[in-house]
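What TrEMBL lists as compositional bias 'Basic and acidic residues' is 19-34. Taken from TrEMBL, the feature region 'Disordered' applies to 1-34. Residues or ranges marked as transmembrane segment in TrEMBL: 50-71, 182-200, 266-284, 296-327, 348-368, 420-443, 487-509, 521-540.
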Amino acid sequence: KMSSGAADLRQRKKQNCTESDKMAPEERNKENSKLGRSPKYMLIQRFAKLFFGCLAAVTSGMMYAVYLSTYHERKFWFSSRQELEREITFQGDSAIYYSFYKELLKAPSFERGVYELTHNNKTISLKTINAVQQMTLYPELIASVLYQASGSEEVIEPVYFYIGIVFGLQGIYVTALFVTSWVMSGTWLAGMLTVAWFIINRTDTTRIDYSIPSRENWALPYFACQVAALTGYLKKNLNCSAEKFCYLLVNASTYTFVMMWEYSHYLLFVQAVSLFLLDSFALAQTEKVHEVYRIYLFSLIVGYLLQFENSALLVSPLLSLVVALMLSKSLQMNMKKSTFVSRLLKIMYIYLVLTVAVTLNFLLKMFIPHKENEHLLKFIEVKLGLNTTKNFTMNWLLCQESLQAPSQDFFLRLTQSSLLPFYILVLIICFFSVTQVIFRRICGEPLKETVKLEDGRIGERPEIVYHVIHTILLGCLAMCLEGMKYLWTPYVCMLAAFGVCSPELWMTLFKWLRLKAVHPILLALILSMAVPTIIGFSLWKEFFPRIMTELTELQEFYDPDTVELMTWIKRQAPVAAVFAGSPQLMGVIKLCTGWMVSSLPLYNDDDLLKRNENIYQIYSKRSAEDIYKILTSYKANFLVIEDSICNEVGPVRGCRVKDLLDIANGHVVCEEGDNYAYSKYGRFCHEIKMNYSPYVNYFTRVYWNRSYFVYRINTVISFQS
C-alpha cells in the first residue's frame, strides 16, 4: 500500500498545477462568504501580508549587513588604518584569497589576470599551480569583475568593495533563513525571531568575525537560498508559478554553491540523504525529489567542466548516491500495488540504494585518477579511534579547535539565549509526529491531501519532515566536530523559531495531550503569537544592550611587530627573494609584500601539506645542516622565526607545534607514563638565536624585533669559528 501511496503522490505532481490554479475561485468564495469576507478583502489581506513580510525580510538582511560592517570598523579601526595595516587583519588562508583578488585588479586585463592565476608560478617556489581550481577563486574572479565593470575604482577602495560584498552576502544569508522560517510557519514573526537568535548567537552561527574571505562565507548564503527555495518547492498544493520559481531558484543556487566552495558537495550529500529518506517513506512527491536529484547531477557535471575537470566532483559521494537513486527509481516505480513483494522491495529499497552508491563510488575511485582528500580519510580513521599515527599533519589537524568535539560553553551559550531549550522542544514534537506518520504509511494509511490546523499532524508536511531529518544529520556532525556548528546552528535558529510560531506544532502537542478544558485551536493560535512575543521581549531586554555596547565600544587591533616586519621586507629584501616560515605567516607575507614564499596555509594538497611539515622543522630538535638542506631544497633565501611558536605555552600539552614535531621525529621518550623530549641537538629556533657555530655558518641574522627573527640563508657556507 505504501507503493500505491507513492504512485498517488506521483500523480499529484502532474495534477497539482492545474488543480490548484483551476480550483479555488468557487471554493474560496464559499469559504470567504461563510466568514463574511469578500474575495477583494482576502486579496488585499494576502498582498499586505506578503508585502510587509518581504519588507521585514529585506530590512533584516540589510540591517545585519550594516551591523557587521559597523562592528568590523569598530574592531579594527579600518578607516583610519594604512593599507598595510588593513591587510594584516587578513590572517592565514584569508590573506591568500585576498592577495589573489589584488593580483587580478593589478593585471593589465581580466583575461591576463585569469591566465596568470591558472598558470601561477609566482606564489610558491618551485611550483606552478592552477590557483583558481586549487583554491576555488571564483568569488575573487566575480568580485574583481564587478569592481572594474561597475566603475568603482574612483568611488571605493578595493578592500572596502571586497568586504562589502561578503557582508552583503551575509545579509542575504539572514534573509534566506528569515524566508525559510516564514514559509514553514506562515508568519513572518518566525523570521524575525530567527534573525534575532542568529545575531545573538553570532559566535556559533558564523565565522565572519575571524576570516572574512573564507570560502564558507561566500558559499553558505547561496546554500541558505537553496534551502529556502527547496522548502517552498516541497510544499503541497503549491501553485504552478510559485513551484516554477522555487525550482529555478533551487537550480541556480545549487550550481552557484558548488562553484563557490570546494567542500560544497559534502553538504549537498547530507541534504541528498535527507531527501532520500523523505522519499523512501513516500512522504513527498517522488517527482519533485527526483527533480532535485537531477539538479545535483547537472551542477556536478557543469562544475566539473568549469572547474578545469575537477575529479573531486566525479568521485564525490553525492554523485554516487544520485546515480544510485536514479538507477533504483525504475524498480520503485514498477512495484505492483498491494503485494507482499512490493512491501518487501520497499523495505529493501534503502539497502539497495546504499549498496549501489558505495559500490559505484568505489569503482569511480578505482578508475578516475584523483587526490581528493586522502588525508581527510586518514583523519577520520584516527578521529574515530580506528588507527593511531605519529604523523605531524594528522596530529596537528586533530589538535585544531574546529575539529574537536564541541565544548560545554557552546551548549551553555545556546541555552542562555533560550535557543537550545526551544529547539529541543520543537524537534521532539516534530520528530514524534513524523514517526507517527511513517508508522501510518507502513500500515498502509494514505497521506491527507490537505493537512488542516485541527488535524494536529505537522509531521505530514514534507518540508517539515525534510528539515527534521536535515537538522538531525547536521546535529550529529556538529556533535563530533565543533567546526560543523557553523552549518548546524543557523538551522537550529530557523527550526526553533518556526516551531514556537507555528499553530500546527502547538495543535499537534494538544492532540497528544487530548486537551479539552480550553478550545485547542484557539489556544494554539494564542500560544503561536504569545510565546515568540515573550521570547522576543526577553531577548531584547537581555541582549540588545550588549549588541549596542559592541557597536559603540572601540576595540584596538594593532600589531606593530608584523607591520615592521612587512615594511622591512618591502624595503630591504630582493624582489626575487623566497621566504620560509610558518604557513600562516607566509600567507600574510604574500599578501602584504607580494614576495614569493615556500609554503601556504592550504590543506587540500598533499605536496603543500608535506612542504608545511618540512618547513615546520625549524621548530624541531634537528641539526642546522638538516634545516639548511630542507630550506635550500625549496630555494628559500630568507627564514622567519616566530617567537610565539618557538616559545609557545599552549593550553593543551602535546598540541603545541614543537610537541607534535618531537612526536613525529621520534624525539619523545615515554617513561612511567610521562613523556620526555630527547635529541642530541637543541631546538633549532632556540639555538639559532645564540649566534654560534655551526648555525652562523648556515644562517645570518639580518632583522629582528620582539616577535620575529629573520635570517638570510647563506649561499656560500663558511665553517670558520
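Please read every residue number as a count from 1 along the shown chain.
Just so it is clear, glycine is given a Cβ too, placed from its N, Cα and C backbone atoms.
As a quick check, the transmembrane segment (266-284) and the transmembrane segment (50-71) miss the bar of 3 or more Cβ pairs under 8 A, pairs 6 or more apart, so the two do not touch.
Sequence-distant neighbours of the transmembrane segment (50-71) (same chain, 6+ residues past either end, Cβ-Cβ under 8 Å): 163-164, 167-168, 170-175, 178-179, 182, 188, 191-192, 195, 198-199, 208-209, 547, 550-551. Of the candidate ranges 182-200, 348-368, 521-540, 182-200 has the most C-beta pairs within less than 8 angstroms of the transmembrane segment (487-509). Listed as Cβ neighbours of the transmembrane segment (296-327) (distance under 8 Å, sequence separation of 6 or more from its ends, same chain) are residues 118, 130, 132-133, 136, 251, 254-255, 257-259, 262, 265-266, 268-269, 272-273, 276, 290, 353-354, 356-358, 360-361, 364-365, 368-370, 372-373. Sequence-distant contacts of the transmembrane segment (521-540) (same chain, at least 6 residues past either end, Cβ-Cβ under 8 Å): 185, 187, 189-190, 192-193, 196-197, 200, 417-418, 422, 453-454, 497, 500-507, 510, 515.
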